[in-house]
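**Q** Marked as disulfide bond by TrEMBL: 175-252, 196-235, 224-247, 270-347, 291-330, 319-342, 370-447, 391-430, 419-442. Residues annotated as domain 'Apple' in TrEMBL: 1-80. Annotated domain 'Kringle' per TrEMBL: 84-163, 174-252, 269-347, 369-447, in sequence order.
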């Protein structure tokens, strides 16, 4: 396979490292070969700069030193040094555990006191005998071990969990409610048994769901989560051929009754915030269109099916906000108008809608509702496509997963679900909230037309 498959790639970062070697190479693969062949240090990672074609092999990775941004650099970290659990007898364990199962600090492999070692970095250069980390250079069936700093105890084994055990012992008793959007457990395998990719990693799958950009979604380690309102918790997988998959986590209280909950018992009857907890009975849009029933697919097909989202309050044809929009909305029974916002009374007594918007500042001038050239400079707030479909938010991966994210296109102003042209297309466009239509151009005219 490709030598780069052994590395975790992160774009646009730099590591502060004192122990390094600098080379001239043509590409990342050549740089990886330098790292593999490195004898001046134990190469845990390397940096490659695209403009200078500079290769820097490093003795540290992001777990061991400071990382900061650098637009031209790409960091590659050896995956073997990022795994903190052991597989099998742990011969390839390269974690940073440095004490025995009894808590005694380990002796450095290169030192000769208090114990003269048989296994040293010079004799076994490929065994990862750096610092005083637990290792298994002799394929001991009991797993990684180390020489101890206790003169009375020459060596002892280290207490390092097997990677499989880390999953199974945490899954016991864990369950989800509704769609599992508030799940904070530690299940880290998919329903087919694939190991989850870390949320702060971009290999093998590039994605936008990073802890930095979704700080309130608890995207820890590689634990299954539901940051985008999917049917249930999921994760990106470590298999290059399977981008993502749901996780097999049982429901805490399976719904056995077919009787829907009383609307008056759930949520708010007025608008507060974005109205995600609104559970009132208003079923008409702000322009007077009647709402389409959520369990109907006519005149508009959609993915917000009530039995898939039992906690979103999708009863009858009442206005709701299941996707974190600006305020409650609904699909309309007008075949020419796919969806519209609803006029919901504010909890403080004012009315939300066109009649109550006089004090709301206009975000952009009317001149912004047309675009110049190909529309790469368009910064208006139109969020409807040419066929009337609602735009999907740029930082959302539902219903369509994509790579046109705000962090990857920082100069494209990918705010909310506004029409934009981040990739130099012929005019502004957006991903749509229609599961059957990935994207469409927006309902905008050129200014010179």
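For all residues, glycine too, the Cβ spot is worked out from N, Cα and C.
Unlike curated records, TrEMBL annotations are generated automatically.
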**Q** Return the member of 196, 252, 319, 447 nearest to residue 419 (disulfide bond) in space, with distance defined Cα to Cα and candidates limited to these disulfide-bonded residues.
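**A** That would be 447, the closest of 196, 252, 319, 447 to residue 419 (disulfide bond).
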**Q** Quick check for you: of the disulfide-bonded residues 224, 247, 252, 291, 330, 391, which have their Cα within 10 Å of the Cα of residue 196 (disulfide bond)?
**A** 224, 247
**Q** Roughly how many Å separate the Cα of residue 342 (disulfide bond) from that of residue 330 (disulfide bond), to the nearest whole number?
**A** 7
**Q** Have a look around residue 442 (disulfide bond) and count the other CB atoms within 10 A of its CB, chains all included.
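**A** I count 24 other Cβ atoms within 10 Å of it.
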**Q** List only the single closest residue to residue 235 (disulfide bond), chosen from the disulfide-bonded residues 270, 319, 330, 370, 391 by CA-CA distance.
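**A** That would be 391, nearest by Cα distance.
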**Q** Just to confirm: which same-chain residues, 6+ apart in sequence, have a Cβ under 8 Å from the Cβ of residue 247 (disulfide bond)?
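**A** For residue 247 (disulfide bond), the qualifying residues are 187, 189, 190, 191, 196, 224, 232, 233, 234, 235.
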**Q** Tell me the Cα distance separating residue 391 (disulfide bond) from residue 291 (disulfide bond), rounded to the nearest angstrom.
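**A** On Cα coordinates alone, these residues lie 19 Å apart.
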**Q** Within 10 Å of residue 330 (disulfide bond) (Cα-Cα), which of the disulfide-bonded residues 175, 270, 319, 370?
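**A** Neighbours among disulfide-bonded residues, in sequence order: 319.
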**Q** As a test of reading the model: what is the averaged pLDDT for the domain 'Kringle' (84-163)?
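**A** Its mean pLDDT is 91.
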